[in-house]
Amino acid sequence: VHLSGEEKAAVTGLWGKVDLEKVGGQSLGSLLIVYPWTQRFFDSFGDLSSPSAVMSNPKVKAHGKKVLTSFSDGLNHLDNLKGTFAKLSELHCDKLHVDPENFRLLGNVLVRVLACNFGPEFTPQVQAAFQKVVAGVANALAHKYH
């Protein structure tokens, strides 16, 4: 992903303020609610029967944090996203059989959750920079599918 110096500063500056557990749980929870077919990958998470059950589910929150922790690794290696996410791409492709379109959906949900959490601080410039990053991460995660 090619980001200008300003874009990198915007992304890393905001990301440093992100509560990974809170935003991760909100992002994964929102994905599971808005795109309910994604729930099939999380059979072991227990009750996902309603929006409130999803959003209060501790396994959703924990996995959301895990997802954003990996995303943080990507932010530290923007010039090598494919390498950074190679093992996760392989896992999601070969073992979990996740449709790679779900990575794009989760990226878009993450951008929306960040906007909700940071309000005016999430300027159009910050949003544009994050869109580039989530697109790059989604592409890297889909790499093994090609």
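Counting begins at 1 with the first residue displayed.
Glycine too: its Cβ is placed from the backbone N, Cα and C atoms.
Taken straight from Swiss-Prot:
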MOD_RES   Val1  N-acetylvaline
DOMAIN    2-146  domain 'Globin'
MOD_RES   Thr12  phosphothreonine
MOD_RES   Ser44  phosphoserine
MOD_RES   Lys59  N6-acetyllysine
BINDING   His63, His92  heme b binding site
MOD_RES   Lys82  N6-acetyllysine
MOD_RES   Cys93  S-nitrosocysteine
MOD_RES   Lys144  N6-acetyllysine
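Fewest Cβ neighbours within 10 Å among the modified residues Val1, Cys93: that distinction goes to Cys93. Closest to His63 (heme b binding site) by Cα-Cα distance, out of the modified residues Val1, Thr12, Cys93, is Cys93. Nearest neighbour of the residue listed as 'phosphoserine' by Cα distance, taken over the modified residues Val1, Thr12, Lys59, Lys82, Cys93: Lys59. Taking only the Cα positions, the spacing between Val1 (N-acetylvaline) and Lys82 (N6-acetyllysine) is 10 angstrom.
Closest to Lys59 (N6-acetyllysine) by Cα-Cα distance, out of the modified residues Thr12, Lys82, Cys93, is Cys93. Counting residues per DSSP class in helix, strand and coil order gives 119 helix, 0 strand, 26 coil for the domain 'Globin' (2-146). Of the listed modified residues Thr12, Ser44, the Cβ environment within 10 Å is emptiest of other Cβ atoms at Ser44. The number of other CB atoms found within 10 A of the CB of His63 (heme b binding site), across every protein chain shown, is 17. If you measure from the Cα atom of Lys82 (N6-acetyllysine) to that of Cys93 (S-nitrosocysteine), you get 14 Å.
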